[in-house]
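Annotated in Swiss-Prot:
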| type | residues | note |
| --- | --- | --- |
| BINDING | ASP51 | Mg(2+) 2 binding site |
| BINDING | ASP51, THR63 | Mg(2+) 1 binding site |
Amino acid sequence: MADVHDKATRSKNMRAIATRDTAIEKRLASLLTGQGLAFRVQDASLPGRPDFVVDEYRCVIFTHGCFWHHHHCYLFKVPATRTEFWLEKIGKNVERDRRDISRLQELGWRVLIVWECALRGREKLTDEALTERLEEWICGEGASAQIDTQGIHLLA
């Protein structure tokens, strides 16, 4: 099915999608601040421009939207229109994520992905549960991991 917008309108709409200071980033920043952690945001000098960098623990945190980064949860749904386009676009995002995570690990950084579904929606984690998972991972100095509605898991 053809796009209902012309190229210029579609481009304008896509540019309007926030890439920083999103609601999920603000929630996570509040929780990190509440834990007394010092962090930097959107560090362009690191691969993938991590949303949060906690130098003290040599770790970076990404907040990933479930749609844009193809998380297998209830928030991800393949669009009914232009399916091939979207699957290709999202597939490129996933491949870039893998490449960025690998490069960060090679540089000695631990990586945490906090999925959108853990931060918002009907199955989101409570602030208490999310804070516990964050503290457990950041202070525990374990391997790279991800947090979703089911809790914390090692990155595959």
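Placement of Cβ uses the backbone N, Cα and C atoms for every residue, glycine included.
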Where does ASP51 (Mg(2+) 2 binding site) sit in the DSSP three-state scheme?
-> coil
Have a look around THR63 (Mg(2+) 1 binding site) and count the other CB atoms within 10 A of its CB, chains all included.
-> 24
What's the CA-CA gap between ASP51 (Mg(2+) 2 binding site) and THR63 (Mg(2+) 1 binding site) in angstrom, rounded?
-> 7
Cβ-Cβ neighbours of ASP51 (Mg(2+) 2 binding site) (radius 10 Å) | 25
